[in-house]
Structure formats: structure tokens, C-alpha cells
Amino acid sequence: MASRTTPSRSTPSRSTPSGSSSGGRTRVGKYELGRTLGEGTFAKVKFARNVENGDNVAIKVIDKEKVLKNKMIAQIKREISTMKLIKHPNVIRMFEVMASKTKIYFVLEFVTGGELFDKISSNGRLKEDEARKYFQQLINAVDYCHSRGVYHRDLKPENLLLDANGALKVSDFGLSALPQQVREDGLLHTTCGTPNYVAPEVINNKGYDGAKADLWSCGVILFVLMAGYLPFEDSNLTSLYKKIFKAEFTCPPWFSASAKKLIKRILDPNPATRITFAEVIENEWFKKGYKAPKFENADVSLDDVDAIFDDSGESKNLVVERREEGLKTPVTMNAFELISTSQGLNLGSLFEKQMGLVKRKTRFTSKSSANEIVTKIEAAAAPMGFDVKTNNYKMKLTGEKSGRKGQLAVATEVFQVAPSLYMVEMRKSGGDTLEFHKFYKNLTTGLKDIVWKTIDEEKEEGTDGGGTNGAMANRTIAKQST
């Protein structure tokens, strides 16, 4: 049965606090927070805009209490220091760190090209030259970070983003590894990452070299890019681990002989005999068409590293999160947010049309009222076996049954994009991606009386002006500029 965690949406809204933005938006320092881009048990990533200069960023919001509870202060300071010093063109940049009394905010580079994951499906493998280009950028970025003592430990296509020019950007470098510890033997001992991409020595949990484990994951990614499917796959976790331990996989016939040879040397189950990053970089297959990265020099300040745990109130990095409670209406998307979700202005849409992708989020538009949309979603999801929690115009749908990758969890939010038009964004926050799309298809079928257009229908209308959202964005820009 659907349950709600906050008062009814008819509750009168409070007056907007001084310094907060209108329409229920949250303001943190000089940044106005927008929609949620991704979330996990440890943090949420929000789209944000610098109100002083208009720059767009992504802000990772971490619960300070969890950091303190897990005695991770020294570790998080070390990770932040390293991340701020990393200035590689293929790694997401960290610009600054802020903190409130309850949260830590990482201000990160925002890229608009989508995930590399979105370019891959069972029928959408990349050509070898294109796969090699991304692999070269990946190896360069990971090797650079290793040279500065930072290991990823959860490399997978979902953590590899693309900028507007199609260049690779590795995300969550170092930060994804915060809960892990190095013991006295100098080896990592925490099993982490996505099982299909994890090295056998990590699964063994006997201690492992972070660089060798990351290289294994890079090898799996290369295989996926070229094959369109995973080298190690099994619905039974024990059977999957056995395949990984023995490196039981077969390269498809379209792999070149030199690519097969390199992948087999990377996916060596014995870390002692596995090829190294230095050897990969000197490999003839790898060097074909290689372009060295171009670095930018910039001054870096580490003053904010200690300041984020300074609660004296004297630190300039201590910010106050201001927001409006009890919204009467959904948040209204501004012009840039419309553009950033627009199919016509997002490079990822070009790949979607060609690849038949499996994405972790989707959306539809509706001309029904916001309250009716929320009520109908609650009514449609409950019979499908989902617990529904509603907080104003944000919803969390959690499956009662456990699927292939645990319980399916779907974060949903209703945005107003025009006086009588709303956009409903649904994002997988837990569970299996394919199960998410099956759920979404069944849900929207049950919502056909309120769904105006789905994302697929928008694409069918073409990318000129970005379809519904692109046209809406253009009209919004024109209105704001007058």
C-alpha cells in the first residue's frame, strides 16, 4: 500500500528563506541545486548552477554523520587532497569542497554526453578502432591517478562519462573507495565493485594490489565495448565467481588477433603474471592511432580540506543549505535544465538512436495536474508490488521482491516545464537495469490516460530543436532573454 512520509501536498508552503531560490529550489552557498543525477547509499549527485557566473556543475552530497560514524575523516581528507590535485583531461575534475553542519559537498565537473554505458547493448558493440580510442583514454586516466596513489576499485561503463565532444571522463575516482581501508600489509581487503567487473583477487578478499585490480576491470570494459556483452556472466553468483577465478571466457570471432592477445593478458586470473599498465601502454594494438592527452595547468588550493570539518563557523567553506518546505507546486525546470535533458542538444541522443540502448533513467510528459500524476503513479505501482513513499513531488518506489541484483528501487520526480505541462523523470536507484525498463513499460501502460508523450515518442519526432523538451527549452530561453 502506498505510504507517505510527509504531510499532504496541500499543506501551505512557508515563506522562502532569505537567500534561497524560488520555486522550492535548494541553495548551497553560491550554487542552486537542481534535479538528482544519481544516488547511492553513500551519496547523491545533484545538478547545480553557480548563480554568480552561470557555470553548470555536479555536486556530490555526502552525509557528514556517516563519515564521522565510520571514522573516515583522515581518509576523506586524503582523498579530497588527491582528487583536487588530479588534473587529467579524462578524469572528472573536483573544483571545490564545502560543508554544512550535516553534509559535505563536492563540486565536480558536469558533463553532458551521457554514460559510455549508454553506447553499449547486446546488438550495439563498438567498432574496434572506436573501442580502442576509449580504452586509450581510460588507461591514460587510470594510470595517471595510480601514479598519485588513487585507485578506483569500481571501474565499469556506468562510471565512464562522455563530454559534449565525446571525450571519455572517468567519474568517482577515489571517492567511490572511501569506505575501504588499507591494512598493515599494504593491501586492500574490502570486496567492492560490480561483480562482473571485479578481479578474482578482490573477490578472494585476501588482499590485493589496487592497480592490478583496476587493470582487470579495464580489460573487462574493453571486452564489453568490442563484444557488446560481458566476458563473465551467470545468474548464479557462485558460478559467476568460478568463471572469474578461472578466467573462463571466449573472445568473439570479430576480435582481431592482437586485441584477443591483449585482452587475455589483462584478464589473467593471477595478478603476479598479469600484464601491467606500463606494458599495456607499450602494446602495439594499444598504440595504434594513439593521441597523447593535453594537460592544463591551474593553481590548486587545499585550504578547504581541513575547513570542511571546522564547525566553528569561522570557515569560509562552511555553508548553509536553504530550501523551501511544503511545496504547493513542483519545481519548475529552468532553461539550462531543459537543455540538459533535451534529446536534440545531448550528444548521447545520437548514440541512443544508433545503439538501441539500455538506460538507467527515462521520462515522460503529461498534461495532467501534478497532484493527479503523483496519485496515479501511487495507484499503478502498488498493485505491481512496489512500496511507494512520497515527499511532495518526489517519490521512492521500492519493489517488495528481490530481483537479479536485489530490490528494484526507482526514484521519481515531477517537474513543471510549462504552465500546463509536466515532465516525470524516473531513475533506477537500485536493482537491475533491464528489470527497471520492464517495470517502466508496465507502469506507463497503466498510466496511459495521463501520459502525453514518452521519451521514445519524442525521439521519433526527430532531433530538430530537441523534440518536445528542446523546443520547450528554446522557448524558455527566448522568454528569459526578453
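Just so you know, the numbers here start at 1 and follow the chain as drawn.
Even glycines carry a Cβ here, placed using N, Cα and C.
Copied from Swiss-Prot, the annotated features are:
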type	residues	note
ACT_SITE	Asp154	active site, proton acceptor
BINDING	Leu37, Gly38, Glu39, Gly40, Thr41, Phe42, Ala43, Lys44, Val45, Lys60	ATP binding site
COMPBIAS	1-25	compositional bias 'Low complexity'
DOMAIN	31-286	domain 'Protein kinase'
DOMAIN	328-352	domain 'NAF'
MOD_RES	Ser176	phosphoserine
REGION	1-29	region 'Disordered'
REGION	172-201	region 'Activation loop'
REGION	359-388	region 'PPI'
REGION	459-482	region 'Disordered'
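Counting other C-beta atoms within 10 Å of each candidate's C-beta, the binding-site residues Leu37, Ala43, Val45 are led by Ala43.
Confidence across the domain 'Protein kinase' (31-286), taken as the mean pLDDT and rounded to a whole number, stands at 83. As a summary of secondary structure, the region 'PPI' (359-388) carries 15 helix, 9 strand, 6 coil according to DSSP. Cα separation, Val45 (ATP binding site) to the residue listed as 'active site, proton acceptor', rounded: 17 Å. Around the Cβ of Glu39 (ATP binding site), the same chain contributes Val45, Ala411, Arg427, Ser429, each under 8 angstroms and 6 or more positions distant in sequence.
On a Cα basis, Asp154 (active site, proton acceptor) lies 15 Å away from Ala43 (ATP binding site). There are 18 other CB atoms within 10 A of the CB of Asp154 (active site, proton acceptor), with all protein chains counted.
Counting only the Cα atoms, the space from Leu37 (ATP binding site) to Asp154 (active site, proton acceptor) is about 19 angstrom.
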